[in-house]
Every structure is written in structure tokens, then in C-alpha cells.
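TrEMBL lists Glu174, Arg217, Thr361, Arg365 with the feature L-aspartate binding site. According to TrEMBL, the ATP binding site annotation covers Arg217, Ala218, Glu219, Arg225, His226, Leu227, Glu358, Gly406, Leu407, Glu408, Arg409. Feature annotation from TrEMBL assigns domain 'Aminoacyl-transfer RNA synthetases class-II family profile' to 141-427. TrEMBL lists 196-199 with the feature region 'Aspartate'.
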Amino acid sequence: MLTLDGLKLKKCITIDELKASVGQRVAFSACVHKIRYMSGFAFVILRTGRYLIQSVHDEKICTSDISALKEGCYINITGQVKEDKRANYQLEIILESFDILSLPEADYPLHVSNKHLGCSIETNLEYRSVALRNPYERAAFKISEGVVSGFREFMLKEGFTEIHSPKIVAAGAEGGANIFTLKYFDKNAFLAQSPQFYKQTCVAFFDRVFEIGPVYRAERHNTTRHLNEYIGLDFEMGFIDDMTDVMNMETAMLKHILQHLREHYKNELEITGAVLPEIDSIPVLTFFEALEAIGSPRKYDLEPEDEVKLCNYAKEKFGSEFIFITHFPAAKRPFYAMNDPENDKLALSFDLLFRGLEITTGGQRIHNYKEQVAKMQKMGLNPDDFRTYLDIFKYGMPPHGGLGIGLERLVMKLLDLQNIRQASLFPRDLTHLDP
């Protein structure tokens, strides 16, 4: 009878292992990314899960026939590792043999082996499974992985507990009509706009929580900055003195993520040419100070062009690519946002802007039961529709606050992408439900 002990796992080759194997024979699996025929030999560029590795086919050395290869083949190779300063990672593989695992039925419809695909976003999404084989396209999602792993590492280090809240819910956390509805057996249900209710619930017994998961917004936007499904990086923390505790935590978290990327994702930063921001400190302006700083008339929310102007202002005035905007008009913030006790027309909430785009919304939450019920009623909501949510306040809550970051927006700006769909593996928007 077969038994498995979890030992002798099948490994994937790494560049460090190849560098340590110069002068030795290696064997690994890869995809044929590109073939360049030269006089008497050919370069076969091999694509692994993270790297492009140069190999050389010389018919006097390799026992396998190169005419059987084409771009898109998946193969097992055996060869000698040789140092070569001109090649990627200063090494190449002298092929001795290869076995073909699979052959493609058709040629790529896109120029996968080019540095950039050079096609429209619509063509990119139409052939998404092919587009993502391009190293530049693929690198964006390794960077995304790095942001997530850095976020998780920081949160755990700071005593936060990771949670996984349901995405099929009975009520929307943000209110309004921007919510997807579905039938849940004999009831109406919704796709979660945010893990907000569950984060707050968990603060009562974990003190600090975070979540990484999908968020759904039924907004009929067709812009370069909106998605209908995105990944939220959320946290909530109890026992805060005020919302600056939340903002300071985010500042430290972003510093950690950026350092994490520098240390562990050099390969992808080089491929994308990304220039990561430096964070010493992040300036803070109130909403109306921000409007005054950019010469904008008084209004009740920021427009996209305001966000661009404010980031330019922060760069010129403070040398910062980030800026916090606080104390938004309460009418524009959700019902769980605490109002400023000194001016109840303002909310103790904030946005973080980065390179011309809002990437974070957060703030201090109401923690008093009567105050929360009163605000719901003032905003025209029926507290009976939020009974289970209100229970957390009825039985006691500490002062708390938190935030949500849009992963795709952050990655989009880190990599200077022109469309947020480029930062979403399989984007969901007004027109894309497939793949």
C-alpha cells in the first residue's frame, strides 16, 4: 500500500541554486519562452515560474533534436551550468538533452517573448491566459504577492489576528445601492462590500484583526481606477486613543511592505523598472486644509483631479509621495464613522493618497451603542436591519478604528501602470465576467 511521508518533495529550481551549480549538471522543468537561431547553435530561453534562463543548444553536444521544439513547449532539460556575464543572472545552461512534456496546438496570439506585449488592454484581457506568460505582465503579480506577504508579516508581528469573514452577507457594510444581490435559498443576500462588520465584531475578543480577501462593489464605473471585485487589505484595532493611531500603524506597515519588496522581489522590480517610494514620514492635512492648499472651492468630497493635485502638492511641499487627508464631511462617510466631537459635521475618517490616487480609507469607528443607533436613524437607516451588528456595541466595545487598502490600486501605482485591470489577475468590471 502506498504511504506518503511528505519528504523528498519535488522542487522547483531557483537562480541561487543554479548559481551554486556552475560547472555542474542540473535537471529541471521549464517552458520554451523563445528560440533564437544563430550560426551553428541556438539560444533557447527557458521560462520557469519566476525566471527567464538562457540555455544553449549545440547539436554537437545536445542529443535532442531542436527542430522538435517551438515556443510554448513544456520540457524537462538536463545540462551543464556555465558562467556567462552577458546572460540573464550571469549564467547559462549548455543543453545536453531534453524531453518534451507537451506541445502547444497553436502559436501564441500575442508577442509573449517581447519585453512588453504592446497590445491594447482589451486584447490583453481577451487572451489573458497567454498575456500572463509575458514576464512583465507576470511580474506585477509577484509584486502583488510581495505586498500581501509583507502586509501579513507586519500585521502578525504587531499582534494582529488574521480572520476570514463571510462574503455572502445579509446587509451591506457601506449601505447604498452599490451592492450585488443574490438568492440565498429562500432569502435575499448580498456580496460583501467590506469585511467591516466582522472586523469590528472580532475586535471585541481579539483586540486587533486583519483580513486579506475579495471585496465587491456594484458600481457602474468604467474607468482606469475602478474594479467591481478587488482584493482588500483590511485591519481593525482596539484601544486606540484617536484615528492617528490607525494612520501611524499604516505608515509603519507601508514602510515594512516596501522594505519587504526591496529584499525579496529584486527580480520583479528589475523586470518592471519599478521605482519604490521612500517613506520617512507622511504629511497630514484636514479635508478643508487640503482644498485650500490646491485652491479648490469648498465641496463635500475629493474628485480624481483633486487627488492628483494634492499628491503633487505633497511632493513639492513635503517631499512625500503619500499624503493623509482627514476630517471628511460626515455626510460622505459611512454610518459607522465616528463624528468629530468638536464639529459633528465632520467625521473622524481619513483617506491616504499615493501618486495621485486614493488607496486607503479608514478612521475611528463609533463604539457606543446609543450613539451608533442614533447615527443610523439620522442617516435614514433602520437599526432593526442591523441587529446582529448592533449587538457588538450592546455588549461592550473598546474605542477602535481601522482601514481598508485596495491591493490593485497600490500595485498599480507602485508599478506606474496605466490601468487598474493590469494589476488584477482576472479583472471583474462592467464588461468582463470571463475568464
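Glycine residues also receive a Cβ, built from the backbone N, Cα and C atoms like all the rest.
Bear in mind that the values here come from a model prediction, so they are computed numbers and not experimental data.
Distribution of TrEMBL features across the structure.
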residue : record                   : CB count, 10 Å
Arg217  : L-aspartate binding site : 19
Glu219  : ATP binding site         : 17
His226  : ATP binding site         : 18
Glu358  : ATP binding site         : 19
Thr361  : L-aspartate binding site : 19
Arg365  : L-aspartate binding site : 27
Leu407  : ATP binding site         : 20
Arg409  : ATP binding site         : 21
Cα-Cα separation of Thr361 (L-aspartate binding site) and His226 (ATP binding site), in Å?
15
Residue list, the region 'Aspartate' (196-199) vs rest of chain: Cβ under 8 Å, 6 or more residues beyond ends.
163, 165-166, 169, 171, 173-174, 209, 211, 234-236, 334, 336, 389, 402, 404
Taking only the Cα atoms, work out how far Glu358 (ATP binding site) lies from Arg217 (L-aspartate binding site), in Å, as a whole number.
16
Largest pairwise Cα distance, Å, within the listed ATP binders Arg217, Ala218, Glu219, Arg225, His226, Leu227, Glu358, Gly406, Leu407, Glu408, Arg409?
19
Determine, to the nearest whole angstrom, how far the Cα atom of Glu219 (ATP binding site) is from the Cα atom of Arg365 (L-aspartate binding site).
24
How does the region 'Aspartate' (196-199) divide up by DSSP, counting helix, then strand, then coil residues?
4 helix, 0 strand, 0 coil
